[in-house]
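Heads up: the structure comes next, in structure tokens.
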Amino acid sequence: MSVLIVGMSHRSAPVSLLERLSMDDSVRGETTQALLGRASLSEALIVSTCNRLEVYTVTSSFHTGVNDVVEVLHEASGVDIETLRGYLYVRYADAAAEHMLVVTSGLDSMVLGEQQIIGQVRTAYQAANEYGSVGPALHSLTQTALHTGKRVHSETAIDDAGASMVSFAVDRALVQMGLDSEAEAPLSGKTALVLGAGAMSSLAATHLGRAGISKLIMANRTLERAERLAEHSLEAGVPAEVVEYDQRASAYNRVDLVVSATGADDFTVKPEDIPEGASLMLVDLSMPRDIDDACADLPGVDLVNIERLHKASREGGSGMAPSEEEALAIVREELDSFTSEQRIRDIVPAVSALRRQAASVGSDELDRLRQRAPGISEVEWGEVEKTVRRVVDKLLHQPTVRVKELAARSGSISYDSALQELFGLESLASTAAPATTSVNASELPDAGIVAFVNAPSATQTRE
């Protein structure tokens with residue numbers, strides 16, 4: 001049984017496809033149960049964000065597991081299987097562990113080192129726990145990934161700038177407004193309308209406040225949540241008010257920016273609602289999108305959304321910063337520790353079985369001896385039993401210790417080397433010429449897995 005990841009992200013798929021696979025809590029729960037309904041899959045956890053959809057599962061069969069996950073995604077999203085195969089990537093066993101550590105550390109995010117992803121992975125884990133779909137394998141891997149993410153953020157300077165997708169979006173909006181995002185208060189004298197009152201909206205309000213916004217207007221379907229967000233802004237020293245969600249369009253003519261992060265079923269901002277001649281900067285932080293793209297066709301109206309942010313991130317620099325190198329070193333360290341522990345854990349059942357078998361053989365031989373030598377006194381018999389058990393324990397002690405040490409290492413070992421290592425034998429010099437074997441690559445069976453796009457790993461340079 002090994003961990004399998006099947007997913008797609010901003011690196012492998014267009015936003016339009018990511019939108020179709022985006023899952024709310026209800027769909028994620030249904031999809032998780034559908035995954036567990038497949039015989040090849042025993043655990044399941046789904047990470048669904050604006051920039052990625054990844055299924056983490058544990059499978060008894062790689063090929064069957066991949067096909068089962070793809071079929072479930074097809075059933076959940078309505079996207080045909082061939083389209084999915086063209087954009088999905090696959091990670092398995094150690095590569096799957098590495099991928100989760102890289103993702104949770106923010107090293108595969110659209111904004112390098114962004115902190116939101118660690119919370120999103122934690123939320124996905126908590127949801128899977130509630131569904132009863134997390135077992136020992138995903139529990140251990142997720143906890144290691146979360147620990148690694150915390151180390152990356154606390155031990156490196158990767159998030160010194162407080163980068164997140166929200167800050168990236170607001171900074172892009174400032175540039176398009178002709179404002180200097182590096183200035184102390186570039187939004188001084190400006191007013192913004194924030195639609196939604198969840199985590200993304202709260203982050204947006206915070207970032208707008210840091211950028212010197214003069215006033216915030218909040219609107220949300222649940223009025224109390226909008227009022228609570230406004231109170232937080234007031235406590236931070238930013239003037240704020242609340243408008244009814246259905247009356248949000250009435251605020252368009254008195255704001256400079258509209259930031260939307262509601263995840264609504266319908267567009268929150270439509271072209272017909274924008275007053276003629278209005279000058280607006282629209283920022284859409286939702287997936288699927290909140291703001292109708294057609295709004296950007298209106299004179300004086302500009303738009304930043306997830307798709308445009310993807311394009312901007314691809315146009316950014318490609319060099320690796322020192323903090324990224326430090327972060328990758330932490331990932332490698334944690335990955336080595338995790339994979340070693342997993343290999344040791346995997347060998348424990350075999351070691352236990354070996355000890356049980358040896359104990360059983362010893363007991364059987366003692367029974368035979370007792371029948372053949374009935375005249376042995378109880379005191380003498382007690383010494384015989386102790387001696388036999390000591391011999392068995394001494395014979396097995398070094399092999400069981402060494403097999404765990406060998407299991408912790410990656411790579412393979414020859415049979416004669418294994419015997420020498422396990423039992424502490426002297427090197428067996430052989431005068432015979434070593435046997436050689438050749439393999440014709442063309443004769444190897446076709447792997448037959450779905451197509452996948454390479455994503456950066458802890459041993460690769462970020463795009």
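Quick reminder: no glycine exception, Cβ is built from N, Cα and C everywhere.
The shown structure was predicted, so the numbers you read here are calculated from the model rather than taken from an experiment.
Swiss-Prot annotations:
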type	residues	note
BINDING	THR49, CYS50, ASN51, ARG52, SER109, GLU114, GLN115, GLN116, GLN120	substrate binding site
ACT_SITE	CYS50	active site, nucleophile
SITE	HIS99	site 'Important for activity'
BINDING	GLY196, ALA197, GLY198, ALA199, MET200, SER201	NADP(+) binding site
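Feature map: annotations from Swiss-Prot on the structure.
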residue: THR49; record: substrate binding site; DSSP class: coil
residue: HIS99; record: site 'Important for activity'; DSSP class: helix
residue: SER109; record: substrate binding site; DSSP class: coil
residue: GLN115; record: substrate binding site; DSSP class: coil
residue: GLN120; record: substrate binding site; DSSP class: helix
residue: GLY196; record: NADP(+) binding site; DSSP class: coil
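MET200 (NADP(+) binding site) is surrounded by 23 other CB atoms, counting those within 10 A of its CB over all protein chains shown. Excluding GLY196, ALA197, GLY198, ALA199, MET200, SER201, which define the NADP(+) site, the same chain contributes SER202, LEU203, ALA204, LEU229, ALA261, THR262 within 8 Å (Cβ to the Cβ centroid), listed in sequence order. Of all residue pairs in THR49, CYS50, ASN51, ARG52, SER109, GLU114, GLN115, GLN116, GLN120, the annotated binders of substrate, the farthest apart have Cα atoms separated by 15 Å. Here the Cβ of CYS50 (active site, nucleophile) has 25 other Cβ atoms within 10 Å, regardless of which shown protein chain they belong to. Between the CA atoms of SER201 (NADP(+) binding site) and ASN51 (substrate binding site) there is a gap of 17 Å, rounded to the nearest whole number.
Close to the recorded substrate site, the chain also has GLY106, MET110, ILE117, MET165: residues not among THR49, CYS50, ASN51, ARG52, SER109, GLU114, GLN115, GLN116, GLN120 whose Cβ is within 8 Å of the site's Cβ mean position. Cα separation, GLN115 (substrate binding site) to MET200 (NADP(+) binding site), rounded: 12 Å. Between the listed binding-site residues, namely ALA197, ALA199, the fewest other CB atoms within 10 angstroms of a CB are found at ALA199. Other Cβ atoms within 10 Å of the Cβ of GLY198 (NADP(+) binding site) number 15 in total over all chains. Sorted by the number of other CB atoms within 10 A, the binding-site residues THR49, SER109, GLN115, SER201 start with GLN115, the lowest. Cα spacing between THR49 (substrate binding site) and MET200 (NADP(+) binding site): 11 Å, rounded to the nearest whole number. Comparing local CB density within 10 A for the recorded positions HIS99, GLN120, the maximum falls on HIS99.
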